[in-house]
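Enquirer: Features from TrEMBL:
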- 45-294: domain 'G-protein coupled receptors family 1 profile' (DOMAIN)
- 30-54: transmembrane segment (TRANSMEM)
- 66-90: transmembrane segment (TRANSMEM)
- 102-124: transmembrane segment (TRANSMEM)
- 144-162: transmembrane segment (TRANSMEM)
- 204-225: transmembrane segment (TRANSMEM)
- 246-265: transmembrane segment (TRANSMEM)
- 277-296: transmembrane segment (TRANSMEM)
Amino acid sequence: MESSLELANMTTVQEFILLGLSTRLGVMDALFAIFLTLYLLTLLENTLIVYLICSHNELHKPMYFFLGNLSCLEMCYVSVTMPSLLLGLWTGPCHVPFTACTIQLFLFIFLIGTKCTLLASMAYDRYVAICRPLHYPLLMRPQVCLGLAMTSWLGGLLISLIKTTCIMSLSYCGPNVLNHFFCDVSPLLKLSCTHMALTELVDFIFAIIIFCGSLVVALASYMAIGRAVLRMPSAAAHCKALSTCASHLVVMGIFYSVVLFMYSQPSSIESTDINKVLSVIYTAVTPMCSPIVYCLRNKEVHTAIKKTLRPH
């Protein structure tokens, strides 16, 4: 009875205070310029890729269909987290209403879950192209590609609805200070003043399903590609396929390793400076690098860029 009265007398948190990436005045201006540049470059690169894929018929292939989806996702993804990062560097610790924090958390989980599944779909597409080339037109026909993409987006949406509902239905009675630059899962769980074992379990299960499940598909695809490449008689084909797979694996490896380290744990992780640095890697750095690795090094994309610059 007494504990119920104490809980009733507690003030429900109406807003959160984001401490941001850094509070050192001498560093904040430099970091603001760096991350603003990264943000604008990411938007520019991905906008260019979407435009090229939509406007050139030679890029209307399954691989570029998935890359177009990924580019759209990356633009949304960075636009969810980067504005709050930049605002924190510009003004210092900022106040975020509870509703706004909920929306940011929902969009973040939705997009990161979708990205994992899209990366797995892209790996499967490359597996079919290299290991089963004769069946490629059938296995990766437009209906299949659309189904994979829709599954990725709808799966991310469903998981985000469940996880966000569980996390934001917890009681937040104070303190309300998040040692982070956006409303992330672990810092919010850390601030909850109610029993959260079930929420942590749900978070852990979905992290395993979405992250580990898509990672297994991607790794299995690339392992099969590796075996197929080693059996190729041509040394040139050898090098080309291995080079493509290696570059893809680097980006995927960085993204998956950081995300799995941050989220695939049943207990909440305290938001420390190292966790914020790791968050920067997958929220700012990999979205900027992905277009360069996946598209801008591609000969077909180079040809499309030249046609765009010199249409006549």
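Cβ atoms are placed via backbone N, Cα and C, with glycine included.
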Enquirer: Limited to the domain 'G-protein coupled receptors family 1 profile' (45-294), I'd like the whole-number average of pLDDT.
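Expert: Taking every residue in the domain 'G-protein coupled receptors family 1 profile' (45-294) and averaging pLDDT yields 84.
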Enquirer: Please indicate, using numbers and ranges, the residues of the same chain that are 6 or more beyond the transmembrane segment (204-225) and have a C-beta under 8 Å from a C-beta there.
Expert: 113, 116-117, 119-120, 123-124, 126-127, 130-131, 155-156, 159, 162-163, 241, 245, 248-249, 252, 256, 259-260, 263-266
Enquirer: Six or more residues beyond either end and a Cβ under 8 Å away: which residues meet both conditions relative to the transmembrane segment (66-90)?
Expert: 18-22, 28-29, 31-32, 35-36, 38-39, 42-43, 45-47, 49-50, 53-54, 96, 104, 107-108, 111-112, 114-115, 118-119, 121-122, 125, 145, 148-149, 152-153, 181-182, 280, 283-284, 287, 290-291, 294-295
Enquirer: Report, as numbers and ranges, every residue of the chain located at least six residues beyond the transmembrane segment (30-54) whose Cβ falls under 8 Å of a Cβ in that stretch; write 'none' if there are none.
Expert: 21-22, 60, 64-65, 67-68, 71-72, 74-75, 78-79, 82, 85-86, 89-90, 284-285, 287-288, 291-292, 295-296, 301, 304-305, 308
Enquirer: List, by number or range, the same-chain residues at least 6 past the transmembrane segment (277-296) whose CB is under 8 A from its CB atoms?
Expert: 21, 35, 38-39, 41-42, 45-46, 48-49, 52, 67, 70-71, 74, 77-78, 81-82, 85, 112, 122, 180-182, 184, 247-248, 250-251, 254-255, 258-259, 261-262, 302
Enquirer: Please report, as numbers and ranges, the same-chain residues at least 6 past the borders of the transmembrane segment (144-162) whose CB is under 8 Å from any CB of it.
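Expert: Answer is 62, 65-66, 69, 106-107, 109-115, 117-118, 121, 124-125, 202, 206, 209-210.
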